[in-house]
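As structure tokens, the structure follows; a few thoughts come after it.
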Amino acid sequence: MDPPSYRHIRQKKAETNAKLPQEWLIPEPPAELRDVTEYARQFSSPVEIAVTESTAHELVGKLAYGKCSSLEVARAFCHRAAVAHQLIFFDKAFKRGQELDGYFHEHKKVSGTLHGLPVSLKDSVGVGGGQTTIGYGGWLGKEDTAEDEALVAEILRDARAVFYVKTSTVNNIVGLLSAGGSSGGEGALIALQGSPMGVGTDIAGSIRIPAGANGIFGLKPSCDRLPYKNLAQSMDGQETIGAVIGPMTNSIADARLFMQTVLEAEPWKNDPGVSELKWRPAEEDETREQAKSGLSFAVMKNDGEVTPHPPILQGLDITVAKLRAQGHEWEALSADAGADIHRNHALSGEPVLPQIAVSYGSALGTLSEKSITSLWELHTRKLKYQEAYQSASYAPEKFCYLGYGGFVNFLDYTASVVPVEDVKVDRGVDGSVVGYVPGEGVDGFVYESYDPEVYHGAPVSIQIVGRRLQEEKVHVISEVVEAALKA
């Protein structure tokens, strides 16, 4: 079969639009509208608002006590997702909701940990009967089978979650800005209350960047904590820096619910790349006990290469001040020269985006492939860097620096993103840093890309980094930071 052309891609978009119920279609937002979060809210009923603005924890409880039905919850989130406009399979969600309601009415109990909870999935998470493209037009048209389904999707399905939408990158809540990537679709949908729990992936910040850009919570675990089996990806087999899955939510507690649910299924029995390590409440208790006498934080305001934008620096200062008040202290990779990416672009003839060309070249052959010997040398350098380290929102097409996210993946550390409570970019306050002279290269580009008028109203978030396989500890520290910010 010939690879799909741009015409086929356009046809697929039309098919997606045709799946939207007519009564859920909305007028084109005003061109001057900067933030669509409140705009989207007006199209939901009071009941739908009550459902979609509940946390995943709250919804699981309401469903367990029969205070709302699975179908009602599915319809509410499908409606919000329709407004956000994603890749959809609402009909399957409604059918699934009816089946779960039937079970509840017959047995008077829920059938799984996530019984009736809608869960959105990044496009790379394959689901039987759906399609997965990860941005390659040449992959369009192939339906995923049950054998193609990602292990994490199987686990969530067995927990009786309801799948209703898969998301891609170009979706934003502030019209002049990007939703981040590459889990930006999840970030935007969750920020719009179109999903109570989403699954993202991260290899250089792809959970944390969208979480920060959209003002939600994100958790990036260490590589072998959660199953990555059957997820679609470029450069399959590249393990120097591994990709991970992780939760994206509107609540820290909901991220914990996701982690517990997946780990209770013992994914290491089906994915040999997963450590045999369940969720450890004892680690949480120990960290909470330590927090009572004060935690110690190291704060990175500059990595020596690029200075963050003024609102981020202000967000860090606010967080440090709040933590101190609570008694706490503070003190790019490619081995194949981009061959895999260029081959997949060639399937549909689509051009390479400038952001891709920066790392992988503008065409096949632009960069030189690394030999197996140089790859071994790279692995050795990575190990030495890991040993040494232990002793020691964004405008579209403007984001070019992954340093504050990529080092976490390189070290295989655990990290979370927490929005700074009630802090948004303010054009009247967050101007340029007085007296700062940017360096050459990326630092200068990042400095010049900041425009207070464009970023006005954007969320401000911080990243919390812990050591490898410290998901429980990072979760509790995120709770501590959130509580301090709200104090």
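Cβ coordinates come from backbone N, Cα and C, glycine included.
Remember, TrEMBL labels are computer predictions, not curated facts.
Applying an 8 A CB threshold to same-chain residues 6+ apart, the list for K122 (active site, charge relay system) reads K166, T167, S182, S183, G185, E186, G198, V199, G200, T201. Here TrEMBL flags K122 (among others) as active site, charge relay system.
Annotation source TrEMBL lists active site, charge relay system at S182 (among others). DSSP assigns S182 (active site, charge relay system) to coil, not to a helix or a strand.
Every protein chain considered, the tally of other Cβ atoms within 10 Å of the Cβ of S206 (active site, acyl-ester intermediate) stands at 29. As annotated by TrEMBL, active site, acyl-ester intermediate applies to S206.
Annotation comment: TrEMBL describes 72-334 as domain 'Amidase'.
According to its DSSP assignment, S206 (active site, acyl-ester intermediate) is coil. On the 0 to 100 pLDDT scale, the model's mean across the domain 'Amidase' (72-334) is 90.
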